Amino acid sequence: MEQTTEQIDYKLLKHRFRGYLPVVIDVETAGLNAQTDALLELAAITLKMDEQGYLVPDQQCHFHIAPFEGANINPESLKFNGIDIDNPLRGAVAENIAIPGMFIMVRKAMKEQGCQRGVIVAHNAASDPGFFYRAAIKRINAKRDPFHPFAMFDTATLAGFMYGQTVLVKACQVAKIPFDGKQAHSALYDTERTAELFCAMVNRLKDLGGFPPLSD
């Protein structure tokens, strides 16, 4: 028997996004070409529902990543993101350590939330985060990728719709989310702000009565 809207508990995350677990990711790179330029930093944050059915950040992971063999390093990109790839204090690990490490966190959250797959949430998801993540997956021949193969939530698009702003810092300002420009272009910091922004938009829609969907 098919569940009606009234029977579905939308305070459970598995019912909010059709069985998908939103996972916010961001990357820092040594260029703009996902196939040739190094992936240098990866951060991810899972989301959950609180007792009132509001979306909030949950677990996080963060990796500094060593350039893959033969990777291109663009000095201008390093100047932009402030990463010193030769600094031993980075504690950089290989892609084949970082990516599976993120998978472990995502699968654990999927099990806890009763979700079947993860779905990437990222700012400008179709460019840096999506392209570089997918390229790294292929390079290390990763097995059992927990994420949907093509569906993503792009917070730039969503923020343009909700707030009239597509730039992360400007969207956060409109959403009353503190943003420290000095910490921007750190994968972890940008992921934290993107997670807050996505949650704010989802929760705003809930408060405005736009979700759950109206019953017939």
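Yeah, the Cβs are placed from backbone N, Cα and C, and that goes for glycine too.
Features reported for this protein in Swiss-Prot:
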- 23-198: domain 'Exonuclease' (DOMAIN)
- D26, E28, H185, D190: Mg(2+) 2 binding site (BINDING)
- D26: Mg(2+) 1 binding site (BINDING)
- F80: site 'Important for substrate binding and specificity' (SITE)
- F150: site 'Important for substrate binding and specificity' (SITE)
- H185: active site, proton donor/acceptor (ACT_SITE)
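All features noted in Swiss-Prot, drawn onto the structure.
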{"residue": "D26", "record": "Mg(2+) 2 binding site", "Cβ contacts under 8 Å, 6 or more apart": "L42, A43, A122, H123, P129, A187, L188, D190, T191, T194"}
{"residue": "E28", "record": "Mg(2+) 2 binding site", "Cβ contacts under 8 Å, 6 or more apart": "L40, E41, N81, I83, H185, S186, A187"}
{"residue": "F80", "record": "site 'Important for substrate binding and specificity'", "Cβ contacts under 8 Å, 6 or more apart": "H185"}
{"residue": "F150", "record": "site 'Important for substrate binding and specificity'", "Cβ contacts under 8 Å, 6 or more apart": "none"}
Quick check: with D26, E28, H185, D190 left out, which same-chain residues have Cβ atoms within 8 Å of the centroid of the Mg(2+) 2 site Cβ atoms? V27, E41, A43, N81, A184, S186, A187, L188, Y189, T191
Taking DSSP as the reference, which of helix, strand or coil describes H185 (Mg(2+) 2 binding site)? coil
Three-class DSSP secondary structure - D190 (Mg(2+) 2 binding site): helix
Helix, strand or coil for D26 (Mg(2+) 2 binding site)? Use DSSP. strand
Position of peak Cβ density within 10 Å, selected from the binding-site residues H185, D190: D190
F150 (site 'Important for substrate binding and specificity') in three-state DSSP notation: strand
